[in-house]
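Database features (TrEMBL):
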type     : residues                                       : note
REGION   : 1-81                                           : region 'Disordered'
COMPBIAS : 22-35                                          : compositional bias 'Polar residues'
COMPBIAS : 43-63                                          : compositional bias 'Low complexity'
DOMAIN   : 270-431                                        : domain 'S-adenosyl-L-homocysteine hydrolase NAD binding'
BINDING  : G301, D302, V303, G304, K305, G306, E322, N425 : NAD(+) binding site
Amino acid sequence: MNNLPDTPVPDPGSSGDKQAEPVTTTAPNKSSALKKTSRYRSRSLSASSTDSFSSASYTGSSSDDGDDVPPREKVQKNTKGNSDFCVRNIAGQHAFGRREIEIAEQEMPGIMALRKRAADDKPLKDAKIVGCTHINAQTAVLIETLVELGASVRWAACNIYSTQNEVAAALAEADIPIFAWRGETEEDFWWCIDRCVNAESWQPNMILDDGGDATHLMLKKYPTMFKLVKGIVEESVTGVHRLYQLSKAGKLTVPAMNVNDSVTKTKFDNLYSCKESILDSLKRSTDVMFGGKQVVVCGYGDVGKGCAQALKGQGCIVYITEIDPICALQASMDGFRVVKLNEVIRNVDIVVTATGNKNVVVREHMDKMKSGCIVCNMGHSNTEIDVNGLRTPDLTWEKVRSQVDHIIWPEGKYIILLAEGRLVNLSCSSIPSFAVSITSATQALALIELFNAPPGRYKSDVYLLPKKMDEYVASLHLPTFDAHLTELSDEQAKYMGLNKAGPFKPNYYRY
């Protein structure tokens, strides 16, 4: 063990090929986390902490690969000679990324069916889409579907830790302008979005956002360009909240589609997907055993419901915090005890935030936690856990593996912080491709609807996805289960006042 190097072990799944073009090597910048921390120590990295088959990260090539040259300082070209992208390592990773995308396609029947059905019609011809979402194998399937449907796209990541470097490389090799890599600094993050928005001889007319960052940057920095956009599609709670704020303030000058609250997206991406991925991310990052552990889940919306049910199924004692009496009543009826965080914070073993709010878990709470308590976030925003409150001279940060830090108090107590408070399921594991297929199909249909809508159909406001499209997304996925829908007779349809082809429920119906 004394002979192990202090540098990361190269990923066994990535190629050792050199870049097609020279790489400018300069002194590497320290990460933003190190800059903000007055005391930080790192254990020597063993093979288990960087190996692509380890529980420490989703894929080795998305973890630290020993390449300290910042992507922005590299000169890279794909095999066609194009350089309109910025990724970690196109030459060494694009083939691996292409295999990841092909695997995801097999488990994404809905978006692949939509690609096949609409490819000839090219419903997104002349659409120029700025995308800011998580970049992984599943979202790559969506991106390439939009291109197949006629769109021109430029893409950035909405999260600095969730990008799969190999997938970004595969997209760059496919001539898709993409600006993203795992471990971006905050300055890199905004630079990447800016490169997507402000491109030479390219004027965006659609936005696909996850969190509202692309919308925010374009509105603040390029207001004239923003007014020329035909529509915005937003898929996160945080981003939708920002859109409603803009609309209320009279600053939203283009139509926007809220796909986060579409039934298919809400149930599958927020509930069923998180129900599986919370366990996967906690296991991969900490190797924790769940049986008998005391867990508090902050928030009992669809994400919180999925997390609480999964953890309860593994034998955890689960507490819920809530501000909404309806959600609190649901939690109580589901067998969970609803508490205030301060009532249980000294005893719990795991804290999961899922509210979309800010300062849900603050330094005062973390000072009271027991040693070894695991703290993580399942909400979109990275503001739920007050990570800045932990960057003080009296605390020591110890990096133990990818996306896992021990925060050590002077008396020796420590807590385990995952992904620095960002989305733990996308930073520390993966999410089911089938669930992403449903979300992706919803996003694609929303883009098609807004882009092709006649003038006047949508005003400068926030709209829900039409119910008919919601049902269509669900129908695209039914053949996977060999499910057969019952058809209404003419008499039944007339009795219910329905069209035989749908929609079958009013907009106010709660599934």
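Every residue, even glycine, has its Cβ placed from backbone N, Cα and C.
Keep in mind it's a predicted model, so treat the numbers as computed, not measured.
Residues G301, D302, V303, G304, K305, G306, E322, N425 are recorded as binding NAD(+); their most distant pair of Cα atoms lies 22 Å apart. Taken as a whole, the domain 'S-adenosyl-L-homocysteine hydrolase NAD binding' (270-431) shows an average pLDDT of 94 in this prediction. The Cβ of K305 (NAD(+) binding site) has L271, Q330, D334 as same-chain neighbours under 8 Å, each 6 or more residues away in sequence. Same-chain residues at least 6 positions away in sequence with a Cβ under 8 Å from that of V303 (NAD(+) binding site) are, in sequence order, N270, L271, C274, A354, M378, G379. Neighbours of G301 (NAD(+) binding site), defined as other CB atoms within 10 A of its CB across all chains, total 19. Among the listed binding-site residues, namely G304, G306, the Cβ with the most fellow Cβ atoms inside 10 Å is that of G304. Annotation for E322 (NAD(+) binding site): same-chain Cβ neighbours under 8 Å, separated by at least 6 residues, are G299, Y300, A328, A331, V338. Within the same chain, the residues at least 6 positions away from D302 (NAD(+) binding site) whose Cβ sits under 8 Å from its Cβ are T266, K267, N270, L271, C274, listed in sequence order.
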